[in-house]
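Copied from TrEMBL, the annotated features are:
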TRANSMEM  33-53  transmembrane segment
TRANSMEM  65-86  transmembrane segment
DOMAIN    67-456  domain 'DUF4220'
TRANSMEM  98-116  transmembrane segment
TRANSMEM  128-147  transmembrane segment
TRANSMEM  153-177  transmembrane segment
TRANSMEM  354-381  transmembrane segment
TRANSMEM  401-422  transmembrane segment
TRANSMEM  591-610  transmembrane segment
Amino acid sequence: MRPIRNSEQHGSENVVKNQSLASAERLWNEWEVHFLILLSLALQVFLLIAGSIRWRSASRIFQSLTWLAYLSADSVAVFVLGHLAVYASGPGHELMPFWAPFVLVHLGGQSTITAFSMQDNELWGRHLLGLVTQVAVAGYVVSKSSWPDGRLLATMVLMFLSGFFKYAERTFCLYIASPSNLRDMSLGIISWLVKSGHPDFVEATILQIREPEDQEYFYLSLGSDYSRERARSELTERFRSMLNVHSTSMDEGFGDMMESILHSIVSMDAPLNDPITVLCADIIPSMHAQCKSTVGNGSKAYEIVAARLVPCQRRLYTKSPLNRLRLYIFSKYVDHCCGPCVGRCRGRGSLRSAAISGAMSVLLIAPVLYLPTFLTPIALALFRDTDKAGQLHNHSRADVIVSYTLLVGALALEVTSVLIMFSYCISDFTGSVVDLMSSASRKKWSEKLAQYNMIRTYATQSEGIPPQWIKSPLDACGFKLFDVTHISLPQDLKKLVLDKLLDFGAAGHEEWSFASTGGSLALHKWADKHKGSPYARPGTALHRTINGMEFQMRVLIWQIATDICYLGDGSQPSFNPDRSLKKMCRELSNYIMYLIFKCGVMLTTNSQFLHHRALKELERALSDHNVGEEGATREVFQAWKNSHCGPVTSSSSSSSQPKGHLQLLQTIHEDLESPVLPRACELAQELIAIQEDQRWDLITAVWLEMLFFTAPRCGGAFHSQHLTTGGEFITHVLLLMYFLGPFLPPRSEYVPGL
């Protein structure tokens, strides 16, 4: 039985509790600014490290932590500056105004991460306004202090300048990488190409309206000095570097392609083909045929592609553009100052004066180009001298320690950033892939393949993975984090994709439109080869799901059918000993599902509606059963077979005849009304009836064409955005298509009406 407490005991406990709360409040008020300014420094340290490794990580936890740190860093810094403006002049903390410049340093961010995403680059104007306002507030804070010691005042001024320049650098880099500026730069390049008659521009027109055999006339008629022989030589070296396992060259045949990739691929929704591959279209088939026997596992080609994306990552999301500009100015200045001296001294037989002149030039220009880096150690030395002179004895020792921590932290961050950026610039300027590939164990991207499978989603739900008390609130808030998983990118899949590209390239111009077929070319070739098969005729589910519906719906139905074929229908065992091809097909189908229905690539309202409809159908079919993924797939297929009465009714037809406007609208309406699962099961039934090796050859060819169809249609925003989240395999596939041939679709397929 609980003892009865009297009112005096109860009142004394309340007094003690109130006193404890009051003490905690006083303690927080006393050390609030100290804690927050050190937290701001800690966030900068985390961002410096995270910015260096986030390109290679697809972890959602790590990306979320980086996102929170990126957003919190500016908020905490602004909050600290506001508190300094109010409380810095209070008694006992006269040194606090000295911390205001460090807030500007922190707002300047780290060289390894100026923006978390392209949306941050779009907000460069907001950062410019923040630069003006926060510099004004920091100036107000430091102006409230008397600064009796000249050395302490000089330290404050140096750090104030350092913070101002770092904040301005960040704003400048955000502007340089903003989508509007990238578009302006692309327009400027096109304008220059039009005036100069450069073939880089003419390629865009030739590819759309002329056959390859007519290209030479157009280039020669312009009087271009872009030699066809030079293009052949460069393309030959490129193929040798990428596809010949015995080649030791890693960077021949590419040149400085960072700006080309940035403006032609990563920043454009309608990517153009490489002019060199267009010029040499007549020799590409033979080159592809020769390289097929020496390609090995294709890892070298993918390594080169990954290395070519690294400068694009830095260009968009770090201070690399500013540091490239610094090194460019530095090299021009040294050439201008030292070149004449070297010539004069060489004539006299002595180079000592030239070396002295060069050293003096370096000492003069380096502090100007890297002003924040040189100001910080000087400020630390002055502050240390002030402390030794006893001018800081009247200040709180805790404030002095925090000041030392901020100075040392700023110096360490600045030196580390400069070293990292210098290594970036050296790699970019040399253009050597060997530098970028110096460590085989250091990945340049996550090398992960995202997987989204509707049946797996509901099967894991029925198994209680994850628990509903975790998943339900997240789903209600729109964070469906457990629908997508990641697997390591299989080497066999990389080789499969590259081999298929080489097959298309070696086949000649007739098959170079494979990026526009979306599976119809594979079905046509299979039907021609198996004319005796009842499923080779028009009107079957095979033809209706390829030729008679939009691409997104095609992916949805083929993904479910591939699952059924992979896991089996329960009535016959799989006799194919090689399950790797089946597994790769399924992983590829899950990846394309992720791209379309989780990333929104080419996602339309109709396809989104059908996706939700398919989810509802699966939910109804599996809601009362606690089965695994394989059992769920077989149950869906078996339920359809039990209720199957004939072909699924749909007005979709494989006929190639053009449809009238009203007929097309009627077709779309009936497709939206028709259930999804029965159509997928009907397709799976026809595929299962085909001999197993032929079946998986067809499924593989269809999914590869769907992959090539998707790659150039993801949009520049998708590719640039995912460079910061570990990268996407589809971006690397797109660059392979760009490097190995004129395989990208004409602009008329991106822009309606062309």
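Counting begins at 1 with the first residue displayed.
Glycine is no exception: its Cβ is also placed from the backbone N, Cα and C atoms.
Unlike curated entries, TrEMBL annotations are predicted automatically.
By the Cβ criterion (under 8 Å, sequence separation of 6 or more), the transmembrane segment (153-177) is not in contact with the transmembrane segment (33-53), since fewer than 3 such pairs are found.
If you look at the transmembrane segment (33-53) against the transmembrane segment (401-422), you find at least three C-beta pairs under 8 angstroms, all six or more positions apart, and that counts as contact.
The list of residues near the transmembrane segment (98-116) in space but at least 6 beyond its ends in sequence, with Cβ under 8 angstroms from a Cβ of it, reads 33, 37, 40-41, 43-44, 47-48, 50-52, 54, 66-67, 70-71, 73-74, 77-78, 80-81, 84, 88, 130, 134-135, 137-138, 141-142, 145, 152, 155-156, 159-160, 162-170, 173-174, 177, 316-320, 323, 372, 402-403, 406, 410, 413, 417-418, 420-421, 724. Listed by sequence, the residues of this chain that lie at least six past the ends of the transmembrane segment (591-610) yet keep a Cβ under 8 A from its Cβ atoms are 449-454, 483-484, 550-553, 555-556, 559, 668, 671-672, 676, 703, 706-707, 710, 713-715, 718, 728-730. Same-chain residues lying 6 or more positions outside the transmembrane segment (128-147) and placing a CB less than 8 Å from one of its CB atoms are 74, 78, 81-82, 84-85, 88-89, 94, 97-98, 100-101, 103-104, 107, 153, 156, 160, 163-164, 167-168, 171, 175.
Across the domain 'DUF4220' (67-456), mean pLDDT in this model comes to 79.
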